[in-house]
Structures are given as structure tokens and as C-alpha cells.
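Below is one structure, written out as C-alpha cells; the observations come after it.
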Amino acid sequence: MAASLSTAIDVHFTIPKSDTKRPIFFTSPIRHNPTKKRLAISCNSSTSETSSSTKPPQNISESPSPKNPSLSDQLKPLSATTLSTKDHQAQLLSRPKSTWVNPTRPKRSVLSLQRQKKSLYSYNPQIRELKLFAKKLSGSGEDEFESVLETIPYPPTRENALLILNSLRPWQKTRLFFNWIKTQNAFPMETIFYNVTMKSLRYGLQFDIIEELANEMVSNEIQLDNITYSTIITCAKKCSRFDKAVEWFERMYKTGLMPDEVTYSAILDVYAKLGKVEEVLSLYERGVASGWKPDPITFSVLAKMFGEAGDYDGIRYVLQEMKSLDVLPNLVVYNTLLEAMGKAGKPGLARSLFEEMVDSGLTPNEKTLTALAKIYGKARWAKDAMDLWERMKSNNWPMDFILYNTLLNMCADLGLIEEAEMLFKDMKMSEKCRPDSWTFTAMLNIYGSGGNADKSMELFEEMSKLGIGLNIMGCTCLVQCLGKARRIDDLVRVFNVAIDGGVKLDDRFCGCLLSVASLCDESEDFTKVLACLKQANPKLVAFVKLIEGEETSFETLKEEFRAVVRDAAVETRRPFCNCLIDICRKRDLHGRAHELLYLGTLYGLYPDLHHKTVKEWSLDVRSLSVGAALTALEEWMGTLTKFVQRDEELPELFSAHTGSGTHKFSLGLANSFDSHVKKLAAPFRQSEERAGHFVATREELVTWVQSRIPSSVIA
């Protein structure tokens, strides 16, 4: 049923006499003694369409009384320009995309969803001359700077000064010109001048100066805007001043100024580098809840953070977030995710992610392939690694030094000699990636691991002809290979070349020479090796001489050993002790070998040597050299013999763990250990269930001990 409603309203309004045609909503406040007008407005509403809806809007001049327009006539221009159309109203009434917000913790917006726009320069007819002047000013020296300033073609107005300041490239010149502008007092300093100066200083990584300018702005009551804070925070991040980045972000947030996308991504990266995972996730979730759509850089930051921690669940979270927000990963994100997968120990997922990247149409770069090659090498996936190499060649994917050297190191880890030689040959034929010192080092490692001294010396001669010097890693690999081959004269020659080439010898190299000394059968070779070692570590050679002396007491040995261990790098202390024990066994100084093993255990060099449970006692010799392992076995058997003699309670099983190497060139301890067990006629045998283990039961051990002890002693 059609219904209609008619209402009459009396409206009083005021129009100043000075401007009767000006719309009422732009007038000044009400004054006294106005001219009052009275209007009667009728409002009709019905279900049927009114005829007024079909008429075009009338202008004020078209009203019945142009001099005294009605209120509806005055509001028509506003409705025609500001009110929404039906389509727009329908769009506003449509339900927006919902974003979940925790109702118990209401949060205000955490960032400005649009990057603050830079101020636009007005047209300046002198722009060409001013830019030429800025170029001249940039190329001037510090002594010439003031004299060049005197030749400025136009007075330093606000626009001219800003144009010159933005055109200067060296941060030193930008700072000098900025200080000169302040001394001129030609116009008040504004935020934009500080922002332009800070931007130039950020390129020069001058955070301290930027912070000084920011404090100056606060002191002079010059407002710090979004760009100011963004520049300060990003510069602090680039300078690794993470504490300062967090400090200025918190100051920005307290002022009520919301960070933009650039600042937000930067502070997320800062928190990630500081290891504050909870803060990163909290900021990220609050930003998304505020309507922010993260870009690929943000997800790269999150992936890197979880990758550093080896958090696979975190990496999955990043992938799920990208999928839910419809963010397509770019090459940088894929590279970061691949590195994260490698650190998390997920080679299979890394391979799937790589295939997904290729299927999406992206071409992998050198960093992508290097990350994947490292993952395959670490996982010992030889087949996948070589398939990757074949795809690189067939697709002409980019290669660089790092990728080639990574592939060579991978071949060294997997014992792929032929494949490594093929890679090395390709590098020689390449115009962009000629072999360098690290390439030769990788090849020396490959040949050294295989004990191929001839090939190693050929590489050494080739390096000498090409003028490529040995680095410490290549020198260590070559010396170790020559030592195992008993080519001591060649070893001495390589050592002298390294010394002449300025190679800085480290403790790893000294451990290598000490290992070679333990292999020497002839005293002459032993003396030559010690002569080389003396140039690198004279204190270590003095200790070797000390252990050979029969008159050396145990207390003296203990003090000197502690001094040697204290001065050595942490990662070389146990290898030093292993080699010293090997030297003692080679020189038939078995008593000294047992003393050194005791001292090594005393000073914590062998923390996991013994393990005891109710059912099993075990000896773990995987971190020991052959001589040290045999010494540990003798020591352990002697201790077990005492337990049997005292009739103490023993477990059901005894085991010795020598390890089972998967490397092609890994010799391991199993063969030497097995020979020594047979020599002692001990009851230990290799376990069929556990690889690299020698086991014996309690009954077998007791029987063996009783068979070696005279019956009178047993009685």
C-alpha cells in the first residue's frame, strides 16, 4: 500500500550581507545583527518514484529567487560533487575482506599503508645552471669548496638550495653545503632539508652524523616526519646498529607517527637479526591485521630468520602466509627459502621448492644454484648434484666463481674425481670464470683426499706457472698429501714456497705438520718436518723434544702440555694431543702415550670417551687418531681387568665405537682397531647389527681376563 508523508520544516539561517551568494557552509562564524531569512521546506516521501528524481539538478542561479537562494539550492553543488553515486554506494555497502583481530587485545594501526610522497619541485627556469653548479661543487676539493660556493649563479632561495642539495653526491659535500645553508639565514630550515641531507649520509653509512642531525631537529622543534624516521632506522640497520634502529622505531611509535612499508620491513629485519622471533611475529601479525599486505622482501626477512634458527615449522609458516595472501615469491625470496631449507636440513623440500621456482618461469641465478649445490653436497646427494650440473649446461644458466668452487668442493666431499676434473676443465675454457686460488685449492683437496701426490704436484707446478699463489688451505691439503706419500723433500719445497709467498701459517697447518711427523719412519725425515714446524710453532717443537727425554717428569710434562693446549686454537687442541700420542707410539714411547691420553682427558679434550649404562659400557674412539684410539683401548682393557679382579658388578655388554665413514676416501679406525684387538686376543668382534661397533659379552670378557691372570693371583 502506497503511503506518503508530508512534513513542513521552518529553517532559520544566516547570510552575511557582504556576500549573499556564498554557500552557507563556507561562511565565517555567526555575527550579531544579521539579516534573518525564513524558509519553508516541504519534504514528500512515497513508495512511488518522485518526479524530482528525474529532473537534472538546478544551479543556484536557476532558483526562483536568485538573490535569496533556498537551502536545497545551496546544497545542490555539494551533492553533485561530493556525494557518491549509486554504484559507489553499493560498493561501500558491500562487505569488505575480513581480517581477524584479537578482540581481547585491540590494537591501533601499526603502520601507514602508503609511502609518504616526496615534495614536488616547482618549475625552476635556472635548473640547468644550478645542476651544473652542483656538479662543479661535487667535484671540488675541500680546500676549493668555499671558493666554489662564492660562484653560485643565483641567490640561495629555498627552491635553489633544495635543488643543489639534492644534486650533490658525496655525503661530505652534502653535509658542507647543508651547514653553509644554515649560516646564510636566508630562509627557515624545514624538515625536507634534513631529510635530503640524511639520505645522502645514509649512502655513506654515517649513522652518528644522522643521529646528530635528528637530535638537532628535536632541539630546534623541527618536526620529524615519516621519511626522517625511515632514513634513521634504515641507516642504523645498514650500519648494524640494531639497538639504535629499535630505539628510534620505538620513539617514532610513541609520537603517534605510523611507519610506512619500507620502515616496517626494515624494523622486521632488525628484530630478526637480533633473534627476537616473538617481536617479529607480533609486529607482522599486527601489521596484517591493520590491512597491510606484506611484500616479498618481508617474507624474505621472515624466511631468513627461521632459516638461521633451522626452524622448519617457521619456514612452512612463511610459505603458508605467502599462499594465503596471494604473494608470489620473487627470485630473492626463493633464494632465501632455499638457504633456509639447507640450514634446516631439508634437501628434499629444497629440491621441490627449486622445481616450483623453475616451473613458475623464473630463471635461477648464481646464488640460487650455489645454495642448491651446497645443500646437495651436505646431504651427499651425488646423483642430484650432477643432474643439477647437467641442467646448468643445457639451460645455459649463469655461473660464477663461487658456484664453480662450490661444485668443486661438493665433488671433494663426495669423492667425485672425474666430475671434478670435468668442471675444472670447463673453467679453464670459460672466458668469465678462470680458475683462481680457491679453485686450485678445491682440486688439491680432491687429489689430496685420494692420496694422489703426482696430480697434486702437477697442480702446484701449474699454479707456479700461472702466478697463482698458494693460500693456507691449499698449502695444508698439499702438505698432508705429500706427507702421506712420504715425499718429504717435496713437502719442504712447498713449505718454503708458502713462506716466501707470505702465507700466514695457522694452528691447523701446524697440526698437519705434526701429523706428518707422526708418520715418518726415518729419523732424517722426522727432523726435516720438525724443522719446518719450528718456523711455525717453536713451542710445539720444544714440547716434542721434551716428551722424547727419559728424564722428563710427569709434573713437568703436565705443566708444559697445559701451556701448549692453552696457546692453541680450540678446534686444534684435540688434534694436537692425538698427533703427540701417535708420535709417542711411533717412537715406542708407550708410557708417554698413556700419560698424554690421561692429560688430554684431564683437560677435557675427550669428554665423550666413556659411556656407562646399567646394561652396557662403551668406549667411543671416533674422535681419536689411530694411535690414540689404540692407547685408549689398552687403557680401557686394563681398567676392566681390575674390575674383574675385584669381582665388581659388570654390565651385560661391552662395546667400542670406531665409527663407519661413508666418505669414499675415509679410512676409519675399524681396520686398525680390529688388528689390535686380535693382537691382544681380546674377545671383541665386529657387530652385525651396529656398523662400526665392536662388542663383547660379560662372560667373554671375564673368561679372557681370567685366562691372562695366573691362577695364584685369582686365588
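The first residue you see is number 1, and the count goes up from there.
Note that Cβ sites are derived from N, Cα and C of the backbone, with glycine treated the same way.
If you look up TrEMBL, you'll see 36-74 marked as region 'Disordered'. According to TrEMBL, the feature compositional bias 'Low complexity' maps to 45-54. Residues or ranges marked as compositional bias 'Polar residues' in TrEMBL: 55-74. The repeat 'PPR' annotation in TrEMBL covers 225-259, 260-294, 295-329, 330-364, 365-399, 400-430, 436-470. The domain 'Smr' annotation in TrEMBL covers 619-702.
Non-local neighbours of the repeat 'PPR' (295-329) in the same chain are 261, 264-265, 268-269, 272, 275, 277, 280, 284, 288, 336-337, 339-346, 357, 360; each lies 6+ residues outside the stretch with a CB under 8 Å from one of its CB atoms.
Each residue of the repeat 'PPR' (330-364) gets a DSSP state, and the totals for helix, strand and coil are 26 helix, 0 strand, 9 coil. DSSP assignment over the repeat 'PPR' (365-399) gives 28 helix, 0 strand, 7 coil. For the repeat 'PPR' (260-294), the model's pLDDT averages out at 81.
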